[in-house]
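**Student:** Okay, handing you the structure first.
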Amino acid sequence: MSKDREQGAVELVKKLHTGSSVAQKIAAVKKFPGKALSMVLKSVNTMAKVLSAFSFIGSLISCILAFIPQEDPVMSFMKEQFSEVNRKLDSIAFQITSLQTDIKWSTYASVYSQDESKIENSWEKFNEFMKSALEAKTVQEKTRLAERFTTFFENTGTEGSVFNFYRYLTQKDFSLKENLLKLVNEKFKGDFKVLMQFSGHFTSLMLKGMQLNLYYYALKGYDGASKAQDATNKFTDVLAAVEEAMVECIDQYEGQVKEDVQEIGLQTFSTNSDLASKIQQHLQQKFDWYDWIVIVYDNDQKDQYVAGKYIDLNVQNKANVFIFHREKGVEINEEIKKQITNTGKSYCIDKTADKVYHTMTSVFNNEIMNNVIGFHGVFLPKHYTQTKDKGNVKIICQLESTYTIILKGKEEVENPPCSKSPCQNGICKPIPATTGEFCMCSKMFYGVNCEKKVSDDFDWEAIKSTIDSIVIQPVPDLTSIFFSIKDLKEYTKLLAQSIESRIEWTQIFVKYIDTISKLQFINTQHKLLEDGEITKPTFIYEISQQLSGTSFRYLASKYNDLMMGKGFGDESNILDAYRNTLLLGQPETTACSQLYVNKTDYFVKYMFALQRESHLTWLKYLMLSDESNKIKAEEQQFKKTMEEQWSLYNMNGCGPLEADLLSNRFCTKPYHSTDNQQIRIVCENNYLAFPHSVKCTQSRWSVLPACYTNPRNGLTVCKSDASGTTCTATCNGDWAFSDGKVSQPYHCTKEPCSAFTPPSCTRCTKNSACSHNEVCHNGECQDGCSPGVNPCGPKTDCSTSSHKQKCECQSGWFGEDPLHGCRYKYLQWEASTDIPYSM
């Protein structure tokens, strides 16, 4: 085992085990490659804990990659593999097979790489934000920085890319029918080392994406607990997919060995020894947790016999290849080896290899046979070649007949894997032909022995505390919500204008006008104090007078009732009421239009601004009144209130509503829509809309909207199902598209759907598509008597009526069929004064 690999395995032991067992485990992974391999598979289960600790960069991912030499060229060029073109192979058959695989890989990689870039770019932006926010001096600076990150996250659609990436790794029944891990396994022909590298890369990307989602939710003040649970479930699915891919790669190694050897056999080889050496060298490098014994003999050699567990195949109809293997570098039971050697020659009296084998196995006891992997016998040594191996027993009889017994490792025989399975919530899986084993955990469990629950280690509060430490939660979409407003008198004016002629708004306004007026007044006093227009004693006096007989906490509670819709008799929160007011009886305002979104943003800005300014005024009052000891509790209460309000406004919305040429495409924030809201779809440039309306249900739009047109001489019909929106343009019965087809489909699977503009149906298929004096000729409507279409012969007149062409002889001419022409002229008698005569 290489130094890099040994170091990686040791690091994994330290991560996965504690106490007195560490030294013993380290010695085992150094001695047995199978145990080192099982340690990697065990680490996949344990990585679930990494998600809650957010320390994957320096921990288990690094350990997995340390298990592979860091200078491995595949590692260095991993990214380049996504755009790799097909390599030229010596065999046409293998070239075709590889080409088919690469086409799938290139198509998949082109899709995957887009989502990878979005996750990586957002991760970089988040790290920039964290660094800058910790250095920022004011709340305004921190808020601005946070909004910059959340806006980038939203505009790039990173959350969607994280979900896409989750599908690439776990889903098996979408467009390409195979997931990314399976394609990697096929692309690199079952190379476990490469699969580990890509799995580490994919898992780290998924972890980054999940962290980005959770930090984004925290910054926005959304419901973190449910999002954290969803992340736990998805990450568990990813780990299961990675584990499944690794196990499948290991379990199917024999089939891959055959494919590799067949490919090697297509190359030129000078001798059987040369072929055996090439095969062994390749297998020792690719499947390097085994020692490989390769036997090759001519295709026409008959006097030989092979038994036991082996891989066999024929190469180019020239040579037969037999391959045995055992765990790499393990100790052989020398006592068993000695017994076979001492008694072996007594069986040489039999003349054929198969009889020698059956004689030996009939007298060997069970202990000896448990140590035997396989047997090979041949009459003359010159008839075969065999690679060197220290774990074989070779017996040479008279007449040079040679028999080889291949033995297992001592540890594998004495302590078979899974014989003492410690798996608590899963099943033990042995690594074939090694001492290695690992536990395949049931869903939601992880750990070396599947002893831990994923949910127990996932701490949402740890994420919240990170955000709390820089005091920027929640982040409004409009940064100015948390900034001072120069003239809050404009707020009342704005509110009064918006409730004109609205009974429900008037009721709200009357109910809460006293609260709003008091908050506006104390905010004005704060501004006067900051501008130096009143003194501190005056400020304290005015605030105390305004709060006489009540308390600021009471005012804040009343305002929260307004925001949340919790007051007695309230039927909805203030935002829902305002949203309904924008649309009721105002045909000029369409939901999700630019006007609708601008008004909604402006309203939300002022509602949060008034609340924020009031809180800052109250904190200033406490400071000046020597009551600073109350500030922390007030700040915590305000933070809780803001989180609840912001979560309410964003938890039920459906986010972006987008489509190419969609007129009302400006809903981008969750609070721009709400649950059960029905929105009419409007398209630009006279395009038609599908559907007529969409509904926001459980944070998802009911249908992917699309704008489309009808083709000339045809009709477009759209429908929606679970896979997306499909529009089909169909030509009317007598028409076709220019290519002769009568229908053209369009399918959209994610927003924004591009506009569907089918070509015109300009190719006629029947005469009935044309004017009455025309016929359909070569897909075009042409005058029935025009050149190239006219069916009539010479000396005829052509006419077309009801698409039927008619031919008539010209005056003075006749013929049997006008279609072939009127070639004869009627005889006419003419008066003459000449007398005819004959010569």
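Note: Cβ is positioned from N, Cα and C throughout, glycine not excepted.
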**Student:** Can you tell which of Cys423, Cys428 is bonded to Cys418 by a disulfide, based on TrEMBL?
**Tutor:** Cys428
**Student:** For Cys428 (disulfide bond), list the number of other Cβ atoms lying within 10 Å of its Cβ atom.
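**Tutor:** Result for Cys428 (disulfide bond): 17 other Cβ atoms within 10 Å.
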**Student:** Counting Cβ atoms within 10 Å across all protein chains shown, which of the disulfide-bonded residues Cys418, Cys441, Cys450 comes out on top?
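**Tutor:** Checking each of Cys418, Cys441, Cys450, the winner is Cys441.
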**Student:** How far is it from Cys450 (disulfide bond) to Cys428 (disulfide bond), counting Cα to Cα, in Å?
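**Tutor:** Checking the Cα atoms of Cys450 (disulfide bond) and Cys428 (disulfide bond) gives a distance of 10 Å.
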**Student:** Would you kindly give the Cα-Cα distance separating Cys441 (disulfide bond) and Cys428 (disulfide bond), rounded to the nearest Å?
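**Tutor:** Counting only the Cα atoms, the answer is 9 Å.
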**Student:** Where Cys441 (disulfide bond) and Cys418 (disulfide bond) are concerned, what is their Cα separation in Å, rounded?
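**Tutor:** That separation, Cα to Cα, works out to 14 Å.
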**Student:** By DSSP, how many residues in the domain 'EGF-like' (414-451) are helix, how many strand, and how many coil?
**Tutor:** 1 helix, 12 strand, 25 coil
**Student:** For the domain 'EGF-like' (414-451), provide the mean pLDDT of the predicted model.
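**Tutor:** Per the prediction, mean pLDDT sits at 80 for the domain 'EGF-like' (414-451).
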